[in-house]
Every structure is written in C-alpha cells, then in structure tokens.
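Annotated active site, charge relay system per TrEMBL: Ser213, Asp348, His379, in sequence order. As annotated by TrEMBL, domain 'AB hydrolase-1' applies to 133-386.
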Amino acid sequence: MSAQLEADVRTISPEMPAMFDGMKLAAVATVLYVIVRSLNLKCPTAAPDITCQDTPLNRYLLKSCPILTKEYIPPLLWGKSGHLQTALYGKMGRVKSPKPCGLRKYLPMPDGATATFDLFEPQGVHSTGDDITMVICPGIGNHSEKHYIRTFVDYSQKQGYRCAVLNHLGALPNIELTSPRMFTYGCTWEFSAMVGYIIRTFPQTQLIVVGFSLGGNIACKYLGENLANQERVLCCVSVCQGYSALRAQETFLQWGQCRRLYNFLMADNMKKIILSHRASLFGMSSSNMEAADLSRLYTATSLMQIDDNIMRKFHGHNSLKEYYEKESCVHYIHNISVPLLLMNSSDDPLVHQSLLTIPRTLAEKKQNVIFTLTLHGGHLGFFEGAVLFPQPLSWMDKVIVSYANEK
C-alpha cells in the first residue's frame with residue numbers, strides 16, 4: 001500500500017508545479033485585465049468635442065484658445081478613469097495647492113442670514129490693462145478653502161484677475177448660521193449679494209462669472225433669471241454641472257457608473273453639514289423644520305430624501321418636483337446673452353450622458369454658447385500629467401483663464 005502511494009506521488013508530482021504556474025498566470029492575467037478595463041488604459045485620448053454655431057466670434061475664440069481644440073492628455077496610468085479623477089478631486093482637490101491670501105467679507109441678508117465670501121486682489125496687471133473680477137461659485141458644500149478653488153484663484157490672480165469666491169451658506173465649519181437657512185441647489189441670493197458688493201466697491205470693474213458643478217447651476221440661473229444681472233459681465237464659464245435637477249434625480253438612483261454609491265456618499269456629507277448647524281436650523285423660532293424632519297434626516301440615504309425632507313422647506317416649496325423645477329438653471333439659461341462656455345466630461349460619474357443634450361442643444365441654437373465635452377476628466381478632475389503624478393494646475397484651470405483672457 002505504501003509503495004503504491006509513493007508511486008502515485010512520483011507520478012503526479014512533476015505535473016503539479018506546471019499546474020500551479022498555469023493558475024498563477026491565469027490569476028495575473030485576470031488582474032491585469034481588470035486593471036486595464038477599470039483604468040481604461042486602452043482608451044485613446046482626444047481633443048474635446050466642440051458644439052457651437054459657426055460665427056465670427058466663435059471662430060475667433062476657438063482660434064485664440066487653442067487649448068480648447070488640442071488633445072487633452074490625462075495622466076497615463078489612472079487619468080482615463082473618471083472615477084479616479086473624481087476621487088482624487090474629492091479627496092485632495094489638487095496637488096501642491098497654493099494658499100492665496102484674501103479677506104473674508106460678511107454680508108447681512110434680508111432674512112437674517114449672513115453671506116460670506118473671500119476677496120483676493122490681483123497679483124499683477126491684466127493683459128488688457130482693465131480691472132476684471134472673477135466672481136466664483138464653488139461646488140456643493142464647498143467654499144474658498146477647498147484646494148481646487150485655491151489653485152484656480154492663485155492662477156487667476158497671477159493673470160491679473162481679482163477673485164471673489166462665495167462660501168456657500170453653512171459650508172464653512174467655523175461660521176455659524178444666523179438664520180434657519182443654508183445653501184440650496186439653485187438659490188442665487190448669496191451669489192447676487194456678493195456680485196452686488198463687488199460692483200459697488202469697484203465701480204470700474206468688469207465681471208467674469210465662473211461656476212463649478214452646483215455652482216455652475218447657480219451662476220447660470222443668476223444670469224438668466226434677471227437680464228440686468230448681465231450688464232457688467234464679459235462672459236460666463238460653467239464646469240461639470242447637470243443643468244436639470246429633476247432629470248438628474250432619476251439617474252442618481254441608478255447603479256450605472258456607481259451613481260447610487262456617489263449619491264449615498266454626497267448625502268452623507270450633506271447630513272454632516274446640516275447636523276453641524278442643527279441648533280440654528282431646527283432650534284430657531286422662525287425655523288420651518290420639525291422634529292420629524294430631523295428624524296427623517298438621520299435615516300436618509302440619498303440626496304433626494306434630504307432635499308425632500310429638508311432643503312425644499314428653506315424656500316417653502318410644496319414638493320420635491322417644484323423645488324427641482326424652480327432651482328434648476330435649465331429654465332433660465334436660454335436667457336443668457338453674454339458669451340457662455342459650458343464644460344463637461346464624458347466620463348463624469350455624477351452627470352449622466354442624457355443630461356448633456358441640454359447644453360448641446362443650447363449651443364446648436366444660440367450663437368453665444370460653446371459646449372465643450374472632453375473624453376476624460378471625471379467630475380472636476382481634469383488632471384494633466386505624464387504617467388503617474390498630476391501637475392498642480394489642471395486643464396480646467398487653464399481653459400477657463402484662456403477663455404476669459406479673450407473677452
């Protein structure tokens with residue numbers, strides 16, 4: 001019996017290493033396949049897809065801003081993944097972010113709220129010699145201290161621009177709310193107050209309006225809801241916004257591109273912001289909130305649930321649909337007559353492809369609109385770099401300033 005067992009061992013043992021080697025090779029090949037697929041390493045790079053009417057102004061802008069028509073090249077190893085671009089923006093903002101020095105301004109609002117914004121003076125003379133101010137509206141729950149905002153402000157200052165950056169109401173952790181209200185998806189009150197201050201304080205200045213993500217919605221809605229708001233404006237740039245909250249809510253419940261997961265993560269962040277101001281939002285006598293609203297907030301797992309139970313009530317909207325309809329720029333953006341650059345990325349995991357028909361159709365119908373769609377970039381990423389490490393300045397920063405310089 002023992003001799004037979006030894007014979008069997010001797011018989012199969014030469015084949016075992018080969019079998020294990022084959023399994024290892026298969027495992028390595030599987031891992032490499034997953035990496036190549038998830039990082040989109042085989043995906044080509046390309047110049048942005050431009051949609052606009054063939055007008056003298058648009059031809060001039062595209063010729064004067066060659067970065068808009070040249071190939072955008074993200075970092076080789078990870079830059080073709082919209083998820084990694086978005087994650088790096090969300091976690092780090094930018095690499096080696098500068099710290100521009102500004103002054104914080106406080107503006108009392110009619111309803112008792114206190115708007116804040118940071119003002120940064122130019123660090124040089126603009127190429128035209130004119131006084132021009134960038135009025136900037138950050139993304140959801142963001143403010144002037146975010147790294148991507150600091151990087152953009154520093155670059156703009158060095159190009160001769162004054163910068164005013166809105167701090168969304170309730171977004172700064174060290175600033176208490178003075179009324180039972182915080183920022184919402186499309187409320188333009190604080191942005192309007194900031195712009196009004198800039199115009200009164202610098203009567204000679206002209207304005208460049210810039211909005212990132214949710215801030216793009218607010219900026220475009222501000223310009224479109226009152227034509228007088230465009231009088232001092234040279235141009236507007238909107239980056240990575242979704243244009244219609246009502247249409248976007250359906251896509252955020254889908255698992256494609258992990259949007260349901262992003263929805264949960266953003267909802268969790270919104271919860272933290274709201275709960276940090278619990279005493280002001282739920283404790284003031286003028287508050288529209290009830291104890292039941294706070295209970296529902298704790299159990300909310302999506303932005304839509306938070307919007308329905310909390311956000312819409314700040315402005316007395318009767319339903320979630322009414323809130324999304326009235327706070328989306330899609331109903332106002334067609335009123336904008338100043339040059340308008342709309343920027344999005346095809347691999348943005350937060351903005352579904354179906355939403356991009358809005359800016360594309362607008363650019364096809366209106367002479368003042370250019371819609372730029374990149375193949376890569378994620379949500380507010382747009383990192384550039386050779387192989388692994390991204391450059392401090394993003395493609396997005398360069399495009400905005402290049403476009404603004406031609407106004």
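From the backbone N, Cα and C atoms, a Cβ is placed for every residue, glycine too.
In this model, the domain 'AB hydrolase-1' (133-386) carries an average pLDDT of 95. With respect to their backbone Cα atoms, Ser213 (active site, charge relay system) and His379 (active site, charge relay system) stand 8 Å from each other.
Ser213 (active site, charge relay system) is surrounded by 22 other CB atoms, counting those within 10 A of its CB over all protein chains shown. Taking Cβ-Cβ distances under 8 Å and a sequence gap of 6 or more within the same chain, the neighbours of Asp348 (active site, charge relay system) are Gly82, Thr86, Cys240, Gly377, Gly378, His379. Around His379 (active site, charge relay system), taking its Cβ as the centre, 25 other Cβ atoms fall within 10 Å, counting all chains.
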